[in-house]
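S.K.: Provided herewith is a single structure, encoded as structure tokens, for subsequent inquiry.
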Amino acid sequence: MGTAAGAGALRLPGLHGYAVEFSPYCPGRVACAAAQYYGMAGCGTLAVLEQNETGIVLLRSFDWNDGLFDVTWSENNENMLITCSGDGSLQIWDMAKTKGPLQVYKEHTLEAYSVDWSQTRGEQLVVSGSWDQTAKLWDPAVGKSLCTFKGHEAVIYSTVWSPHIPGCFASASGDQTLRIWDVKTPGVKLVIPAHQAEVLSCDWCKYDENLLVTGAVDCSLKGWDLRNIRQPVFVLLGHTYAIRRVKFSPFHATILASCSYDFTVRFWDFSKPNPLLETVEHHTEFTCGLDLSLHNRGQVVDCAWDELVKIYTPSCLAVAV
């Protein structure tokens, strides 16, 4: 099992972590979206943390009147973040202010479960996904959604922008599909029957515009080449419960990480005959949030329902792979 180098941990008492994301601006700064009572009832909190020489410190926290399920940093303002919540709304927060939110967008009719800010320069677009089976496109400067994308036949769990193609995003759903959308066209571009189970997460490869990965309730990760979707280009097995989130490495073209309801985080190299590089077991509850740092090579953050946020470098990423 894996050992974590340079590890730090912070407990958020009474809060169960759903999502974490490294700041694109400040190395070691992390946002965590969390909920009371496992997201079933109660309030939510956006916690902004930072790792320093002594450990992880809490810089700011903002409360919302429903559980927070995802968080994304602005790509043009180092202090701005967006969260989404159980009441179907999106909240815009400014870390420079002590209170918030600055704005609330309430259009989804059920839980808003996913939110992502586009990384493409020149456009400030946010996509959200909801249990109401729709994805919505937002410009944070505009008070209402720009477009609603319909087609999924069940809950949308994950919405992620392509890092390569402007205006293109992917969505993963309880209808067992991965779908590709273009904001310039109202209908779905591509429907991939990815698993014979609910698909909880997806991510784009940072090095290949045609490659995505999905993680599902069937405990498998599958790689998909958009030029030929008849069968996956890789299948990764090892998790023993549903895979909650999956992330490609920003530094290695063939490495990715996944976290699961089996309490573990696993690191994979899908180019190797034995792809499982490492299993990190340092949580005692469902592990829901996961991100890899763009600034510090090999650094990982995760969060779980055990109230802990952890920043660490797994041994498999501490050496050149």
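Residue positions begin at 1 at the first shown residue.
Cβ from N, Cα, C; glycine included.
The model shown is predicted, which means the values in this text are computed figures rather than measured ones.
The annotation repeat 'WD' is assigned in TrEMBL to 71-95, 105-139, 149-185, 192-228, 236-278.
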S.K.: Which range out of 105-139, 192-228, 236-278 gives the repeat 'WD' (71-95) the most CB pairs under 8 Å?
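M.R.: When the Cβ pairs under 8 Å are tallied, 105-139 comes out ahead.
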S.K.: Could you tell me the mean pLDDT over the repeat 'WD' (71-95), as a whole number?
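M.R.: Average per-residue pLDDT within the repeat 'WD' (71-95): 96.
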S.K.: Using DSSP, how many residues in the repeat 'WD' (236-278) fall into helix, strand and coil?
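M.R.: Secondary-structure breakdown of the repeat 'WD' (236-278): 0 helix, 22 strand, 21 coil.
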